[in-house]
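Sending over a structure as structure tokens; questions will come in a sec.
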Amino acid sequence: MEDDLFQLRQLPVVKFRRTGDSTRSEDDGGGREQEVQIDGRQAYMESVALQDGAPVPREFANPTDDTFMVEDAVEAIGFGKFQWKLSILTGLSWMADAMEMMILSILAPQLHCEWRLPSLWVALLTSAVFIGMMISSSIWGNISDKYGRKTGLKMSVAWTMFYGVLSAFAPVYGWILFLRALVGFGIGGAPQSVTLYAEFLPMRSRATCILLIEIFWALGTVFEVLLAIVVMPTLGWRWLLGLSTIPLFIFAILSFWLPESARYDVLTGNQEKALNTLKRIAKENGAPMPLGKLVAARQEDRGKIQDLFSPHFRWTTILLWFIWFSNAFAYYGLVLLTTELFQEGGACGESKGSKREPRCSLECKYLTSDDYKDLLWTTLSEFPGLLVTLWAIDRLGRRKTMALCFFVFSLCLVPLYACVGRTWLTVLIFIARAFIAGGFQAAYVYTPEVYPTATRALGLGTSSGMARVGALITPFVAQVMLESSVYLTLSVYSICCMLAAIASCALPIETTGRGLQESSHREWGQEMMGRAHGNSSGGIPHSDSGEIIQSKHNHMVFQGTPQWLAVNAKHHVNLNSHINHKTLNSTDNTNTHTNLHTTIYRSGTAFAYWTKVISVYTIPIPGLVVVCW
């Protein structure tokens, strides 16, 4: 219980006023307004509530001069020309990595025939890439947290480009296996582009922009297939490997324009560099900078894995790892299942008692134009998933959107237990892939938002690493287990995604409408709810006259801190105040101290508790099924 409780201490003298229709607490018996006794005087205050898991500062400073933080500047500057350029550059790196991944499905059958490789060796080529990604994901995250987002991203792109070109000159199977594993090591740094991108986006645009960046991934897969249609029949796979690195070359050239994250610079003590970056963005966007002085965040150690398991983030990290594992396990499993189910007729073949005939491991078949068309149609199924996620991400919230995607995926697998025709099989697989792709996109939005700047890249990197573990395991289910039982295979995927849906609901923090956390210490409270919503223009309100700043969303505003604090209604806060001071004159600027002890209850409902317990203790079930089998 102590993890869910903490107190606010040593607030400056503040003046409270109702700013709209009073929000009622759930247990006030008849809708009575909350009352606070202050030296014999009563001040009527509306009950205050926080979004799930929104970090509340333990102390608020009250400097005399106006100050602002990076979050204030990003919100004030807004979305403009700079963000458009950054979107294209970030999307270019995402597109290049998608091409390097998509080439596996084209390269494998070609090498199978040209070098007469056994099927196991061909499968090992794909696994080597995922092993490289799994190992490097946390490494690139650690580099980005310790040495900068720009540094980590440029290093991973250069690494991928270098070994991608060398792969085209591989003389034998052993060399291409080794070089593609190194390419996978570089691809593991691709999620760091999302980290850098998210830290330059205002709160209102963040979810939409990150989701739209995922379009570049789909475009990269489509472009790779189109390039293969042109190159493979005439020039061969070596030219395809070389030409696929062109987007990486373009990114390497344009990356000199890319600035370092201002949030990272402030965290590492480079306030002047961060301020210059913010001024540059404001100039490009034609927007004014906030008035005042940039506040330095507390410097702290960065990129420490133990920070992911601090009391505040322990459950979030555990559940997120399983969600990412399930995403990759189901996504790549469905990709492998598609061709297998089409060839075997799904459950129809099993219901008739037919068994797969063993094939020669050296039997090969070159990809035809029809095969390339099927690859195109398969990749196009991700666009509807993007649209669904784009619609739901802000309306339903991040957690419910991920849960919805997992649930619909599991629901689409249920009819496959029966003998359905090829048309319905195609439709169900199309819908299932659209939603599981949407769940992946929602996870890419949620993960950078939930962690503070000091561990954001590491949190995203380790989550991506867990996804690669799922991608490594899924071939043994989608291909090997399928030979024994279609029903058992479908059950493993369905149960895994249902558990992932429960885990999504059990996440203790909802990040919808919440600013990015600058520090795990949360001193200034700048990441509280409602900062951007209080001003329709996206600016940061200031009040030098001592008047209460009015919020459009009936929030209570604490006046007397350099940032205004407005909190939205979800879990109410019981204000039991014991305030000792000499005077309550709000216009008096004498040194007055206030002790406001506030108990804040987070995730206190029985449903949230039991959902968390059920999700954690049932997560190992799919793995146990595979091991026992």
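The first residue you see is number 1, and the count goes up from there.
Cβ coordinates come from backbone N, Cα and C, glycine included.
Straight from TrEMBL, here's the annotation block:
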type	residues	note
DOMAIN	86-512	domain 'Major facilitator superfamily (MFS) profile'
TRANSMEM	86-108	transmembrane segment
TRANSMEM	120-140	transmembrane segment
TRANSMEM	152-170	transmembrane segment
TRANSMEM	210-231	transmembrane segment
TRANSMEM	237-258	transmembrane segment
TRANSMEM	312-334	transmembrane segment
TRANSMEM	401-418	transmembrane segment
TRANSMEM	424-446	transmembrane segment
TRANSMEM	458-478	transmembrane segment
TRANSMEM	490-509	transmembrane segment
What stretch of 210-231, 237-258, 401-418, 424-446, 458-478 shows the most Cβ pairs under 8 Å to the transmembrane segment (312-334)?
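The stretch I would name here is 458-478.
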Looking at 152-170, 237-258, 401-418, 458-478, which one has the highest count of Cβ pairs under 8 angstroms to the transmembrane segment (210-231)?
237-258
So what's the mean pLDDT when you look at the domain 'Major facilitator superfamily (MFS) profile' (86-512)?
82
Find the member of 120-140, 152-170, 237-258, 401-418, 424-446 that has more C-beta pairs under 8 Å to the transmembrane segment (490-509) than any other listed stretch.
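The stretch with the most close Cβ contacts to the transmembrane segment (490-509) is 401-418.
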Between the stretches 120-140, 152-170, 237-258, 401-418, which wins on the count of C-beta pairs under 8 angstroms to the transmembrane segment (458-478)?
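Of the candidates 120-140, 152-170, 237-258, 401-418, 120-140 scores highest.
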Given a Cβ distance threshold of under 8 angstroms, which distant residues of the chain, six or more beyond its ends, lie next to the transmembrane segment (424-446)?
191, 194, 206-207, 210-211, 214, 320, 323-324, 327-328, 330-331, 334-335, 337-338, 341-342, 346, 378, 381-386, 388-389, 393, 398-399, 401-402, 404-406, 408-409, 412-413, 415-416, 463, 497, 500, 507, 511
Short question: which residues 6 or more past the ends of the transmembrane segment (152-170) have a Cβ under 8 Å from it?
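Distal contacts: 93, 96-97, 100, 136, 140-141, 143-144, 176, 179-180, 182-183, 185-190, 192-193, 196, 238-239, 241-242, 244-245, 248-249, 251-252, 255, 258, 457.
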